[in-house]
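These come from TrEMBL:
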- E:D127: active site (ACT_SITE)
- E:M76, E:C77, E:H78, E:M112, E:E113: substrate binding site (BINDING)
- E:164-173: compositional bias 'Low complexity' (COMPBIAS)
- E:156-188: region 'Disordered' (REGION)
Protein chains: 6
Amino acid sequence: MRRDPDPDRRVDRGGMVEITEKPSVGRRAVASGLIRLEESTVEAIKNGEVEKGDVLTVARVAAIQAVKETPRQIPMCHPIPITGVEVAFELLPDRIRATVAVTSVGKTGVEMEALSGVSAALLNVWDMVKSREKDETGNYPTTMVDEIRVVEKRKGKAGESFCPGSSSSSNGDPNGGHRRANDGSSRR
Amino acid sequence: MRRDPDPDRRVDRGGMVEITEKPSVGRRAVASGLIRLEESTVEAIKNGEVEKGDVLTVARVAAIQAVKETPRQIPMCHPIPITGVEVAFELLPDRIRATVAVTSVGKTGVEMEALSGVSAALLNVWDMVKSREKDETGNYPTTMVDEIRVVEKRKGKAGESFCPGSSSSSNGDPNGGHRRANDGSSRR
Amino acid sequence: MRRDPDPDRRVDRGGMVEITEKPSVGRRAVASGLIRLEESTVEAIKNGEVEKGDVLTVARVAAIQAVKETPRQIPMCHPIPITGVEVAFELLPDRIRATVAVTSVGKTGVEMEALSGVSAALLNVWDMVKSREKDETGNYPTTMVDEIRVVEKRKGKAGESFCPGSSSSSNGDPNGGHRRANDGSSRR
Amino acid sequence: MRRDPDPDRRVDRGGMVEITEKPSVGRRAVASGLIRLEESTVEAIKNGEVEKGDVLTVARVAAIQAVKETPRQIPMCHPIPITGVEVAFELLPDRIRATVAVTSVGKTGVEMEALSGVSAALLNVWDMVKSREKDETGNYPTTMVDEIRVVEKRKGKAGESFCPGSSSSSNGDPNGGHRRANDGSSRR
Amino acid sequence: MRRDPDPDRRVDRGGMVEITEKPSVGRRAVASGLIRLEESTVEAIKNGEVEKGDVLTVARVAAIQAVKETPRQIPMCHPIPITGVEVAFELLPDRIRATVAVTSVGKTGVEMEALSGVSAALLNVWDMVKSREKDETGNYPTTMVDEIRVVEKRKGKAGESFCPGSSSSSNGDPNGGHRRANDGSSRR
Amino acid sequence: MRRDPDPDRRVDRGGMVEITEKPSVGRRAVASGLIRLEESTVEAIKNGEVEKGDVLTVARVAAIQAVKETPRQIPMCHPIPITGVEVAFELLPDRIRATVAVTSVGKTGVEMEALSGVSAALLNVWDMVKSREKDETGNYPTTMVDEIRVVEKRKGKAGESFCPGSSSSSNGDPNGGHRRANDGSSRR
């Protein structure tokens with residue numbers, strides 16, 4: 001390579017973290033978040049009265065797609081072979097909570113994937129009920145996406161390829177969410 | 001078309017809202033949201049000490065890409081010719097607020113685009129500072145994405161194609177955000 | 001440009017058809033197709049008993065996404081500002097027919113978009129019921145996607161921007177599908 | 001996680017099937033389908049007279065891309081490391097048959113990938129010959145995509161990573177297509 | 001919006017350039033570039049002897065796709081309604097020159113689209129002939145992509161929507177490439 | 001499969017190279033290229049005076065995204081689990097050189113990924129400084145992307161999964177780039 005002997009040249013570096021030599025192990029992360037809505041909107045969702053269709057199924061499909069798209073939405077994320085996505089919704093009087101659990105067998109964690117899924121689920125709920133949430137000026141006095149967080153993160157030991165706790169600690173029992181990862185080094 | 005005279009057939013419908021006959025007018029929407037972080041993390045971002053690189057520039061690029069990807073992340077959204085995206089960050093002691101303003105000349109509003117941009121900006125901040133936010137178990141005791149909302153939405157009158165207020169009410173002055181859209185029919 | 005005077009140089013050309021000077025007018029195309037299934041599978045879909053979820057809503061979302069992705073799946077297709085997508089399903093004893101209507105205001109027709117939507121709808125039905133359609137060897141003795149065709153295509157006159165017939169001839173009445181386009185020059 | 005003690009809350013679930021603990025083995029699936037065309041159109045393709053270019057090469061490229069895009073077009077499909085795609089065309093007097101063979105080493109089958117490839121190949125043939133297939137009204141009296149089906153599906157045994165039969169049973173001999181998968185549990 | 005009165009807060013801005021109020025006019029840009037190859041490789045391409053298939057058709061399809069993908073590959077680019085793409089190749093003894101012409105009717109220029117197309121065309125030529133260009137160590141002593149530049153850029157006047165010169169100055173006559181744009185303000 | 005006994009049928013084949021039975025080993029490739037710019041533009045980049053923002057960070061993000069998008073931009077490329085991307089820039093008086101190093105553990109090389117990353121980095125530099133590089137006619141007398149080449153390619157032995165030389169021969173010392181791959185069979 002022809003090098004230029006210019007003493008002024010500046011080298012600028014950076015990039016996607018090198019994980020080549022990390023072992024592939026089972027991974028699981030669960031994230032959740034909520035969207036605040038008018039009570040009448042939650043009722044309409046419950047009763048299947050929303051004009052644009054089945055709100056929670058559309059949001060679930062969008063969440064699954066968003067999990068798989070994570071390395072495109074978050075540039076520094078590695079492409080990861082996702083092996084499972086579970087999406088759950090809880091309908092409360094004035095809000096809906098979405099919980100997304102993601103599993104993988106790979107070299108890095110999947111919490112960003114779970115967070116992307118939650119965010120997409122909630123934004124799709126919003127999109128489906130826009131006409132019910134707008135006030136007379138076209139704005140949204142109530143609607144807000146809130147409390148998006150990681151509620152659980154685990155990984156298997158090196159050499160194992162199974163995904164720990166993928167069945168016992170389902171995201172259907174979000175109280176289980178505060179259990180800690182079993183390994184402090186679970187870096188992405 | 002060969003019709004089947006089965007009396008039991010059931011028809012199921014739905015889809016993306018028809019906007020063919022709506023006029024193309026200037027549109028603008030602003031959304032904001034925040035991510036709660038350790039104070040030391042905000043300091044590190046301010047001082048350019050984050051190992052993975054320039055946090056706010058990466059988040060800004062990702063937000064712009066997410067705005068453009070909105071019709072892929074939100075299935076019922078129409079493809080919209082985006083004409084401008086502005087991304088601003090405010091660094092507060094224990095959190096960062098992202099504000100995204102989107103303009104377009106089109107047949108439907110751009111608030112979902114602005115919300116997608118905010119969500120992507122905040123998730124990318126999270127991704128860039130993961131190693132600073134994790135506790136010894138690999139979890140995130142502090143980090144949370146919060147208060148994602150639409151702070152402004154406007155549109156021009158039919159026949160006009162300019163974008164109202166795109167300069168006077170910049171998202172740099174978020175107090176301006178509570179002004180209402182000038183037209184109650186601003187449906188998407 | 002430095003030209004090489006080599007007498008042997010060969011020039012090879014081709015590309016995406018030039019439509020710059022064509023007028024933007026309202027467009028509408030409807031396509032349909034069917035998937036042959038076990039009768040028990042159609043029953044299970046009707047009764048909401050399919051394990052993977054709501055088959056027709058997932059297929060509808062996928063069809064809408066496929067309509068928007070057409071210029072990526074079909075390289076010679078131009079990007080088109082889709083303004084509406086309607087997806088309908090008819091459940092017959094041993095098959096399901098999907099019909100997709102697409103509207104746009106643009107310089108070229110949308111029949112490839114409608115065909116892509118139908119194809120995606122049917123493949124997604126297949127994917128959702130795979131476990132019910134497989135025989136003991138893992139193969140699909142019954143399942144087949146068939147009769148994907150354009151059933152209607154229209155466009156407005158130059159100077160008009162509305163979409164003709166978008167309401168009166170809904171795809172819910174597929175008998176209307178054999179009406180011809182009103183303009184023989186409706187090239188893409 | 002702050003739980004809301006609302007007795008009315010409803011939990012809604014569903015998602016992408018969990019395959020974390022399934023072994024990675026060699027996989028192969030072959031699908032085929034056909035497009036009905038005017039005889040003069042098939043002749044023109046054979047003779048390289050189609051204005052938009054080399055029909056079969058464009059269709060082949062599009063099919064390969066569609067195979068790789070399958071998890072985006074079919075939301076419940078897992079991302080799969082495709083290791084080979086073979087696309088073949090048979091030109092018959094009034095139709096063209098496309099056959100797509102896909103191989104992978106992974107945790108789930110690749111028949112949806114093969115089906116997506118066939119569908120994309122056929123729709124791209126259609127797109128390339130639109131001007132030849134349209135009647136004076138702009139419609140398509142002859143053109144139809146038909147008989148899209150899985151003609152072969154195989155997988156290796158757990159522990160093996162090779163792909164069975166990838167050479168001996170090429171898709172050039174579609175009669176081989178009716179052989180059954182060697183393992184009834186070949187679920188995706 | 002709850003404002004935090006922290007005197008230390010820092011605001012960081014930036015984004016995609018605002019073009020809402022620019023007129024939509026006809027646009028055209030042409031870019032070219034070349035790939036240096038072994039003479040035997042160029043011969044093999046000319047003679048249709050490359051194992052992976054028809055090199056120039058694959059490269060042309062990839063170029064067209066890349067033109068349409070430009071706003072995703074170049075984050076600050078606006079989405080643009082492309083109305084035509086023409087791809088030409090010149091085969092010289094030791095290199096191939098690709099020329100890509102892009103037309104649009106829009107608010108900003110299309111030179112980045114043309115450059116993306118050229119780059120994709122050349123990288124795809126490389127990919128198709130890798131086995132012929134590698135030396136015994138697996139490296140590429142000869143292969144190099146070079147001289148990617150904009151050779152022509154034009155736009156119509158505001159109020160006109162036609163595309164200037166789209167026929168008279170075809171990219172088949174690259175000598176025409178040095179003509180200047182007719183308007184110094186042709187900013188993107 | 002219903003076979004048609006037409007003696008005239010023609011079979012046309014081709015596709016993505018079969019790599020199912022190749023071992024997964026550590027891979028590394030480095031590519032570089034340069035963009036020629038006005039000296040004043042390089043100065044402005046160095047001094048952070050470019051209006052559109054931080055040129056090198058935007059280019060780095062775009063390069064990383066392009067590396068991951070390679071199988072979509074280059075149809076015959078297999079999807080590859082990228083495990084690291086490093087992007088470096090050298091600022092010389094009248095040009096900027098970009099170097100992209102890509103690592104993976106997979107069945108085929110990553111040189112096309114590295115080349116795609118370099119190309120995207122350079123085109124994004126161009127896009128960020130367009131207004132500084134244009135002359136009064138809107139054209140680019142100086143700007144040119146040049147010398148895109150593979151400067152290093154390595155792979156591990158079958159059975160090993162580590163990535164050879166990923167630390168000792170960093171792309172910060174491009175003189176190391178001329179070392180040959182250690183295995184002549186490193187085909188993709």
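Every residue gets a Cβ built from N, Cα and C, even glycine.
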* To do: Look at the recorded positions E:E113, E:D127 and tell me which residue has the greatest number of other C-beta atoms within 10 angstroms of its C-beta.
  => E:E113
* Asked: Any idea what DSSP makes of E:H78 (substrate binding site), helix, strand or coil?
  -> coil
* Asked: Ranked by the number of other Cβ atoms within 10 Å of their own Cβ, which of the binding-site residues E:M76, E:C77, E:M112 ranks first?
  -> E:M112
* Give me the largest Cα to Cα distance among E:M76, E:C77, E:H78, E:M112, E:E113, the residues the record lists as binding substrate, in Å as a whole number. => 12
* Asked: Between E:M76 (substrate binding site) and E:D127 (active site), how far is it from one CA atom to the other, in Å?
  -> 28
* Structure fact -> Cβ atoms other than its own within 10 Å of the Cβ of E:H78 (substrate binding site), all chains, total 22
* **Euclidean distance between Cα atoms of E:D127 (active site) and E:H78 (substrate binding site), Å** => 29
* For E:E113 (substrate binding site), name the DSSP secondary structure in the helix/strand/coil scheme. => helix
* Asked: How many Å lie between the Cα of E:D127 (active site) and the Cα of E:E113 (substrate binding site)?
  -> 21
* Structure fact -> Residues among the recorded positions E:C77, E:M112, E:E113, E:D127 lying close to chain B by Cβ (under 8 Å) are none
